[in-house]
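The annotation disulfide bond is assigned in TrEMBL to C10-C19, C54-C63. Annotation comment: TrEMBL describes 1-20 as domain 'EGF-like'. According to TrEMBL, the feature domain 'Laminin EGF-like' maps to 36-64.
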Amino acid sequence: CHHVTGECSCPPGWTGHGCEHPCSSGRWGRGCANSCACDGGDGGCDPATGACSCQPGFTGQRCQ
C-alpha cells in the first residue's frame, strides 16, 4: 500500500480497493489496463499474463 494515501498497489490481474477482485473478462495486467488480444473462440485470457485461453477447436497464440 502507498504510505500516504493507503491505496493498494495490486499485482497484475487484480483490482479493487483491497485488490480483492480479479480483472473482468477481456482485461488483464496491472490495473486491468490491457485488453485481451485473443481471436477465435473468445476463451478470454489470463488476468495476470494476457495469455489466451482457447475454446475447444481453437489453437495458436491468439486462438486464431
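Yeah, the Cβs are placed from backbone N, Cα and C, and that goes for glycine too.
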Distant-in-sequence Cβ neighbours of C19 (disulfide bond), under 8 Å, six or more positions away: C8, C10, P11
DSSP residue counts for the domain 'EGF-like' (1-20), split into helix, strand and coil: 0 helix, 2 strand, 18 coil
Count of other CB atoms lying within 10 Å of the CB belonging to C10 (disulfide bond): 18
Cβ neighbour count within 10 Å of C63 (disulfide bond): 21
Residue distribution over DSSP helix, strand and coil in the domain 'Laminin EGF-like' (36-64): 0 helix, 2 strand, 27 coil
